[in-house]
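Participant: Grabbed the feature section from TrEMBL, which reads as follows:
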TRANSMEM  12-33  transmembrane segment
TRANSMEM  39-59  transmembrane segment
TRANSMEM  79-101  transmembrane segment
TRANSMEM  121-139  transmembrane segment
TRANSMEM  148-170  transmembrane segment
TRANSMEM  216-234  transmembrane segment
TRANSMEM  240-261  transmembrane segment
TRANSMEM  298-316  transmembrane segment
TRANSMEM  336-358  transmembrane segment
TRANSMEM  370-388  transmembrane segment
TRANSMEM  394-413  transmembrane segment
TRANSMEM  420-439  transmembrane segment
Amino acid sequence: MKELGKWQIVSMIAQGLAMISGAVQTFVIIRILSVGEWGIVQLATSIGGALGIYQHLGLVSASTREISSAEKKEDIFKIFITSTAVRYCVTLPLAIGLFFYSKSLAVNIYHNESLIIPLKMYALSLVFQGVQGILNSVISGMQRFKTLFVYQIVISYVSILLYIPLVHFFRINGYFYAFLLFNIISSIVLSVLAFKPLKGKLILPSKKDFMRLFKEIFSISIAIYVVKILYTNWEKLGSNALGLFNSPEVVAIYAFAMLYAKKIMSISDSVTTVNIPVFSERYAKNFNEFKETFVKNFNKLFSLIVFIGSFASYFAPDVIRLLVGGNKYNESFSLIAPMVFAFIIYSFVNIISSSVLIPAKMAKSMVGSYVFLIVGSVLSFFGLYKFIDLLSAVSWAMTFGSIICLGFMLYWIKKKMNFSFFNIDHVVILLQGFFIAWLCKVDVFWFKIAAFVPFASLLLWSLFVSKFFTKEDVMSMFRKFKGLVPKKLTSRAE
């Protein structure tokens with residue numbers, strides 16, 4: 001439990017620093033571009049992202065698992081070559097198709113010629129994106145976490161240096177010039193970092209090795225692949241659907257609310273890298289220890305996500321005005337609370353998938369739950385749009401879809417594993433958090449500052465009463481964080 005917590009904290013810190021630089025970059029770009037231009041950028045990335053997800057194939061997680069268990073260093077490069085070859089069988093046709101059909105998509109379907117160059121740039125970027133995940137799996141599979149986390153932080157600042165000047169000079173097209181350059185640089189740097197320790201061990205797989213590794217990797221990756229496709233299409237569903245019948249400004253308002261809300265995903269995303277190998281090992285060796293460790297860890301992550309997400313929504317109007325530097329996205333404020341909670345709930349889905357369903361190889365249950373993610377969202381939208389405005393209906397549909405997905409996931413875990421860990425305490429705390437989040441609509445800064453302490457104290461009290469968090473946990477986290485600080489700094493402070 002201690003090692004698990006340590007690496008999760010390190011990963012969160014790295015993700016947090018990268019997220020801060022990403023947020024700075026995004027809000028500077030939003031200041032530069034008009035609402036309409038930002039809407040076109042988001043529409044192009046939604047189209048490209050919806051296609052690009054099909055290159056995923058679940059190969060990163062599967063490759064990480066195989067590399068972690070490799071007996072020889074020579075096998076690591078063989079796994080890399082096998083995974084990369086499989087990925088490019090999908091990536092190259094997608095990139096070529098998007099490049100040559102970008103004009104048709106832009107003019108005939110979306111009726112906007114401004115999308116042509118962005119889609120062509122996105123297509124070229126897919127070629128370089130294809131290898132990055134596999135290179136990441138080489139580094140993480142070899143447990144070179146320090147290298148990986150330092151890279152994530154540094155490359156996020158390189159991104160700022162690319163995007164801001166190019167967007168300033170070339171507007172919409174500049175965003176995608178930067179996107180292409182960023183992916184080229186990332187692929188080159190990751191290649192050096194991944195293969196430097198394997199010098200002299202870069203041996204190509206034989207035909208027999210290739211077929212054996214293909215079967216081992218693909219048998220694990222296919223379920224993860226399907227889930228990734230379902231999630232990405234769920235995430236892009238609102239923007240893509242709104243773009244067909246509404247102006248870029250409408251897409252921009254919705255996409256901005258999602259952009260803000262989605263930042264809460266950085267917590268669950270940061271721990272999945274650690275959770276998959278740790279919980280897979282514990283599930284195989286000792287099921288009771290697996291359950292005990294997961295419950296304790298899940299409750300702590302649950303507490304952190306609800307607390308941060310609730311107050312991120314609570315202060316959203318003030319934060320957004322500060323970062324954007326104006327009122328041009330004020331229309332998104334009413335969408336923030338449901339969108340934040342859609343991603344809070346999905347964060348739990350993400351953690352459960354990586355920590356329980358993948359280690360237990362419950363592929364059908366995982367895929368089935370994600371099917372309900374999309375189906376639940378679509379049905380919720382059709383049940384809501386006649387009673388509330390269009391943007392609110394899409395936002396609330398995302399929330400209800402994630403709740404339905406989580407419900408089915410918990411049901412199948414209980415049924416197939418006789419394992420239950422989500423109870424009435426979790427529900428009550430979620431409702432309490434949502435009430436706090438909903439107060440983002442109260443746009444009175446002095447009231448929010450005055451009410452922050454009692455609201456935060458009440459939520460923390462609920463977490464301690466539910467025993468999701470204890471005093472010992474707080475002290476343990478402090479010691480772990482202190483252990484990450486260089487000794488020279490702590491000795492100077494003393």
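Using the three backbone atoms N, Cα and C, a Cβ is placed for every residue, glycine included.
TrEMBL annotations: computationally assigned, not manually curated.
What's the neighbourhood like for these features in this structure?
Facilitator: Long-range contacts of the transmembrane segment (12-33) within the same chain, counting only residues at least 6 positions beyond its ends with a Cβ under 8 Å from a Cβ of the stretch, are 41, 149-150, 152-153, 155-157, 159-160, 163-164, 167-168, 171-172, 175, 256, 259, 263, 266-267, 269-271, 323-326, 329, 484.
Cβ atoms under 8 Å from those of the transmembrane segment (39-59) belong to residues 33, 83, 86-87, 90-91, 94, 97-98, 105, 110, 112, 114-115, 118-119, 122-123, 125-126, 129-130, 133-134, 137, 172, 175-176, 217-218, 220-229, 232-233, 236, 239-240, 243, 247-252, 255 of the same chain, restricted to positions at least 6 beyond its ends.
Tertiary neighbourhood of the transmembrane segment (148-170): same-chain residues 10-11, 13-15, 17-18, 21-22, 24-25, 28-29, 32-33, 136, 139-140, 177-178, 181-182, 185-186, 189-190, 193, selected by CB-CB distance under 8 Å and a gap of 6+ residues from either end.
With a cut-off of 8 Å between Cβ atoms, the residues of this chain six or more beyond the transmembrane segment (216-234) that come close are 49-50, 53-54, 56-59, 61-63, 65-66, 79, 82-83, 86, 353, 358, 363-364, 366-367, 370-371, 373-374, 377, 398, 401.
Counting same-chain residues at least six beyond the ends of the transmembrane segment (240-261), those with a Cβ under 8 angstroms from any Cβ of the stretch are 26, 30, 35-40, 42-43, 46-47, 50, 109-110, 112, 312-313, 316, 320, 329, 331-332, 335-336, 339-340, 342-343, 390-391, 394-395.
Residues 61, 224, 227, 257-258, 260-262, 264-265, 267-269, 271-272, 275-276, 279-280, 294, 297-298, 301-302, 305-306, 309-310, 312-313, 316, 365-366, 369, 373, 392, 395-396, 398-399, 401-403, 405-406, 409-410, 413, 417, 419, 430, 433-434, 437-438, 440-441 of the same chain lie 6+ residues outside the transmembrane segment (336-358) yet bring a C-beta within less than 8 angstroms of a C-beta in it.
Counting only same-chain residues 6+ beyond the ends of the transmembrane segment (420-439), those with a CB under 8 A from a CB of the stretch are 291, 294-295, 298, 302-303, 306-307, 309-311, 313-314, 336-337, 340-341, 344, 410, 413-414, 448, 451, 455, 458-459, 462-463, 466, 468.
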Participant: For the transmembrane segment (394-413), find every same-chain residue at least 6 residues outside the stretch whose CB is under 8 Å from a CB in it, and list them.
Facilitator: 234, 238, 241-242, 254, 257, 335, 338-339, 341-343, 345-346, 348-349, 352-353, 356-357, 362, 365-366, 368-370, 372-378, 380-381, 384, 388, 419-420, 422
Participant: Which sequence-distant residues neighbour the transmembrane segment (79-101)? Criterion: at least 6 residues beyond either end, Cβ under 8 Å.
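Facilitator: Sequence-distant neighbours of the transmembrane segment (79-101): 48, 51-52, 54-55, 57, 59, 62-63, 66-67, 70, 119-120, 122-124, 126-127, 129-131, 133-135, 137-138, 194, 204-205, 209-210, 213-214, 217-218.
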Participant: Would you mind listing the long-range same-chain contacts of the transmembrane segment (121-139), meaning Cβ under 8 Å and 6+ residues beyond its ends?
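Facilitator: Residues 44-45, 47-48, 51-52, 55-56, 59-61, 63-64, 67, 76, 80, 83-84, 87-88, 91-92, 94-96, 98-99, 102, 147-148, 151, 173, 176-177, 179-180, 183-184, 186-187, 190-191, 193-195 contact the transmembrane segment (121-139) from elsewhere in the chain.
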